[in-house]
Amino acid sequence: MDDDYMMLDDDYGEEEDENYSEDDNYSEAEVDLQPVTSTKSTSQVIKKESLVAAQKEILVRVMELLSVKENQARTLLIYYQWNVEKLFSVFADQGKDRMFSCAGLTVFVPSLVTSKKTMKCDVCMEDDLPSNVMTRMECGHRFCNDCWIGHFTVKINEGESKRILCMAHECKAICDEDVVRKLVSPELADRYDRFLIESYVEDNNMVKWCPSKPHCGSAIRKIEDGHDVVEVGCSCGLQFCFSCLSESHSPCSCLMWKLWKKKCEDESETVNWITVNTKLCPKCSKPIQKRDGCNLMTCKCGQHFCWLCGQATGRDHTYTSIAGHSCGRYKDEKVRQLERAQRDLDRYTHYHYRYKAHIDSLKLEDKLRKSILEKAVSNSETKDQKVFKEYSWVTDAVNRLFISRRILSQSYPFAFYMFGEELFKDEMSEKEREIKKNLFEDQQQQLEGNVEKLSKILEEPFDEYDHEKVVEMMRHLTNLTAVVDNLCKEMYECIENELLGPIQFGNHNIAPYRSKGIEQATEFCAESSDCGSSGSS
């Protein structure tokens, strides 16, 4: 380990033996990572009751700048996925008429005055209908109210409220919202409005529902910060990746994490184990495991076969040979497949064990965190010492431990795919792969060693120490906390610049490293409202 990162005295520099438990039934650690709050958040949480206000804020902006009605503004925004900048760019480059046409809007054509008292509906083909039961859309097409109601009812019930087209053949015009509300029942109108409101989330690349289960009812709006992938924290406490909506997983890319979770959940490695440790009976094809040294295998179906080559044989044999049988030619392809299965199994086991070990540590350290915070608060109230009155050095160290432990756990799935052949087989030569692997593992090892030291020091009973020893512990913790933070930062820089940088990022963008942890979204509040921000510090 480099001298730059050995900044502790001997008492705090001893290595702790790793003793990770391996429980067959485990789940991800559900721990509070103390989400960061900021007055300049890169995300906002929009609660269910604020969705209308959030949508209205953008609608008003478009209505004022383009001089359009609310329903027209909403239709435009839905078509352009609520991307106001893109909408204004199309308006500037192509003009209003072209923009309207693409979105399914028409410039209103004044209705011609007619003296006819009765009219014909071209949908139901009814003649002699009174003009007052006929409704005309802005595109100019007119049909009877019963046909319109039937059309609207079907579309709303099918979930197509956001873009209900005119019934006329090949007409691409969107039906007026006010007309829809006027003709359908109040219950259906409420459902229609709910779909229009939810469109702000479901058709908006910058807003997504919180994936909490059960659903907390809130949505998260990402504020443009130059990063394609970000990790956010909802007010309900859930922290997740804004891009793929899974749990926070950096430094893994979304694709890496998806593949890793699937690999952990499915039976791919079980199949590898069976391939390595069993042979198929040549008669019934059931897998047989060898339990002793004899190469003559006997299946439950009664078939005898040779363990070495898998060929069917008779039962007469000695310890070293089978009567009337000699193994055939060297099965080169079969041996290669077996060796590959063994290699893949060993590799997966290596990375998964270390990934799981840090997850297990994270669970145990959650209990440690609670105990430490209780001690710090208790001492700040009972001891007249300045160091106890200001115990941010303890909470900072605990938060740093959790942030770095999570990063460490997910650095193993990253390494599994970064230096394997599944994703980047053709992106680098074997020599380049080995160089990059060594570079990453050196940084990973430095981070791992210092995180274990941090965990060990935090286990000390500082509430029993005298003032002088507490000050000494505070100095070491503060120093080590900064070291771990810097190592995390350097690991991310290595990944972004040295590992993924030379490769076209494509599907492998990662969320940026944030020294203070995943940022909690501030609460959206309409300008006219008097609410406060839950995420303000």
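Cβ atoms here come from the backbone N, Cα and C positions, even for glycine.
Keep in mind the model is a prediction, meaning the values are calculated, not measured.
Checking Swiss-Prot for zinc finger across the ranges 70-120, 121-171 points to 121-171. Site annotation (Swiss-Prot, ligand Zn(2+) 3) includes Cys210, Cys234, Cys236; from Cys216, Cys244, the additional listed residue is Cys216. Listed ranges 281-309, 397-425, 484-512; the one Swiss-Prot annotates as zinc finger is 281-309. Cross-referencing 1-30, 361-390 with Swiss-Prot places the feature region 'Disordered' at 1-30.
For Cys144 (Zn(2+) 1 binding site), the spatially nearest entry among the binding-site residues Cys236, His249, Cys299, Cys301 is Cys236, judged by CA separation.
A simple Cβ count within 10 Å picks out one of the binding-site residues His141, His249 as the most packed, and that one is His249.
The binding-site residues near Cys166 (Zn(2+) 2 binding site), taking a 10 angstroms Cα-Cα threshold over the set Cys124, Cys216, Cys244, His249, Cys281, Cys299, amount to none. Of the binding-site residues Cys121, Cys241, Cys301, Cys241 has the largest number of other Cβ atoms within 10 Å of its own Cβ. Around Cys244 (Zn(2+) 4 binding site), the same-chain residues six or more apart in sequence whose CB sits under 8 Å from its CB are Cys254, Trp257, Lys258, listed in sequence order. Here the binding-site residues are Cys147, Cys166, Cys284, Cys299, Cys306; the one with the fewest Cβ atoms within 10 Å of its Cβ is Cys284. A count of other CB atoms within 10 A of each Cβ picks out Cys144 as the most crowded of the binding-site residues Cys124, Cys144, Cys171. Cys236 (Zn(2+) 3 binding site): 14 other CB atoms within 10 A of its CB, across all protein chains.
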